[in-house]
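As structure tokens, the structure follows; a few thoughts come after it.
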Amino acid sequence: MDHSDRTMLSDKVLQSHGGEKPHIWSSLEGGSRIDIGKQIFCNRSLNMRNIVAIGFDMDYTLAQYKPETFESLAYEGTVRKLVYDLGYPQELLEWTFDWKYMVRGLVLDKKRGNILKMDRHKYVKVAYHGFRELSKEDKVGTYGNTFIRDSFDEPDYALIDTLFSLAEAYLFAQLVDLRDNNPGKVPEGADYPRMYKDVRAAVDLCHRDGTLKQVVAKDPKRYINEDTSIVPMLKMLRNSGRLTFLVTNSLWDYTNIVMNFLCAWHTLDGGITCKFDWLQYFDVVITGSAKPGFFLEDNRANIFEVEPESGMLLNTDNGTPMPQVGSTSPKMLPKGLNKRYRVFQGGSVGHLHKLLSIESSTQVLYVGDHIYGDILRSKKVLGWRTMLVVPELEREVELLWELRDTRKQLRLLRNERDLVEDRVHHLKWSLKFESLGDDEKQNMISSLGELESQRDQVHLAHQQAQGDYHQKFHKIWGQLMKTGYQNSRFAHQVERFACLYTSQVSNLSLYSPDKCYRPSEDFMPHEFHILPS
């Protein structure tokens with residue numbers, strides 16, 4: 001089935017609900033309804049009966065941060081580092097951050113100070129220099145006028161592929177405008193690549209000195225969404241006989257605070273009292289994993305066991321406890337903590353497979369939010385099955401449903417435009433190659449002028465309607481999963497590397513743990529065209 005057929009089938013499916021939002025029925029006992037924004041979409045068939053272990057990332061996967069507070073916090077911390085540590089002017093402290101402006105899937109051109117959105121074929125469709133939109137001529141002249149296609153990868157480009165990166169992309173655009181308008185206000189020698197490097201350095205400083213995580217730890221509710229479905233989901237998976245594990249780049253102290261909030265927030269009174277009850281939902285927890293390097297099979301990083309109460313790191317022999325010097329037996333876990341639930345720091349995927357007794361990498365399903373750090377490496381290098389969490393997806397598919405009538409109008413306009421264009425080409429061919437009488441020729445010339453005028457009018461109407469349609473999704477960048485009529489680069493990556501994708505990790509709780517996922521013939525957000533191509 002090609003894209004055109006799939007699109008028309010999707011529209012028929014949407015119409016068949018008679019105005020009601022499309023949904024499916026849960027495979028769990030009782031058959032509750034699952035709205036389209038909560039569905040799990042499938043790129044490659046996955047039978048959950050073949051999955052032995054299910055793993056999760058923490059940040060932006062289990063823990064969904066609130067962009068209006070967390071990203072603003074990250075932005076403000078980065079600005080302070082630029083001013084006080086890297087010599088940027090004090091006026092940056094007065095800047096504000098629009099957390100809705102940037103989206104995932106963009107590419108930063110470090111050399112030119114541009115922000116790009118491209119399609120799956122790496123053609124640049126939307127481009128801004130700082131906050132100034134580039135004309136079509138500028139786009140073509142810069143990115144579409146070479147015989148060798150640019151890869152748009154490091155070191156000259158930076159990919160905005162995580163929600164953590166939105167604040168730094170926005171700040172980079174602000175610095176580009178500052179340098180263009182007031183070159184004397186940026187540090188001497190600070191060109192576009194240097195400014196991007198400084199932004200990255202400032203972000204790293206915020207993470208290294210704990211600036212962000214200390215603030216979040218004091219008031220998790222302000223920065224992290226509460227999700228009461230996470231614990232039932234983990235219980236359901238474990239009751240089905242699956243092993244569960246957590247692999248996060250965050251260190252133990254912060255991991256414990258966040259997981260306590262997620263798994264026991266409803267029992268807390270005011271602040272957080274950090275306990276270890278949440279460990280009962282995981283067979284293995286690995287903190288400080290240093291992904292994506294963690295997934296490399298030749299990774300020789302040492303793995304340490306974490307003593308939960310003190311945070312002390314204990315030496316292990318590839319995950320097996322070792323006696324401490326002066327002792328004949330390994331150090332015991334704190335009283336009351338089940339020895340089955342173990343916490344580690346560092347290590348590699350080889351250690352994880354050994355700890356879980358995994359015989360084949362295809363028995364593992366890993367759920368994460370980072371297309372490169374979580375999904376690409378685990379899928380491409382290891383052969384793990386993968387599920388990508390895309391929080392933006394819920395709103396995107398809801399809008400696709402709400403704008404279904406607009407899509408019909410766009411289809412009609414495009415069909416009309418193509419029909420008139422065909423007639424114009426036919427008349428031009430006839431005028432050039434057919435033997436015509438003077439009167440007949442004059443009539444054709446007159447008809448051609450009328451058709452060209454009609455074509456231009458329809459083209460303008462279609463162009464305006466298409467622009468309005470895209471702005472419903474985002475005022476600057478349009479649909480997350482589309483660029484014009486093509487899949488966006490982000491959607492292409494989702495299709496290539498994610499076996500499954502969904503808006504929230506807890507959507508797993510809506511499906512049977514033994515479900516067999518298969519690609520849908522009806523509605524796939526990364527394939528849903530405005531019109532048939």
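Placed from the backbone N, Cα and C atoms, the Cβ positions cover glycine too.
Values in this document were obtained by computation on a predicted structure and should not be read as measured data.
As recorded in TrEMBL, the features of this protein are as follows:
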type     : residues      : note
REGION   : 1-21          : region 'Disordered'
ACT_SITE : ASP57         : active site, nucleophile
BINDING  : ASP57, ASP369 : Mg(2+) binding site
ACT_SITE : ASP59         : active site, proton donor
BINDING  : ASP59         : GMP binding site
In whole Å, how far is ASP369 (Mg(2+) binding site) from ASP59 (active site, proton donor) when you measure between their Cα atoms?
-> 8
Report, as a single number, how many Cβ atoms besides its own are within 10 Å of the Cβ of the residue listed as 'active site, proton donor'.
-> 23
Whole-number Å distance between the CA of ASP57 (active site, nucleophile) and the CA of ASP369 (Mg(2+) binding site)?
-> 8
Over all shown protein chains, what is the count of other CB atoms within 10 A of the CB belonging to ASP57 (active site, nucleophile)?
-> 26
Excluding its own, the Cβ atoms lying within 10 Å of the Cβ of ASP369 (Mg(2+) binding site) add up to 25
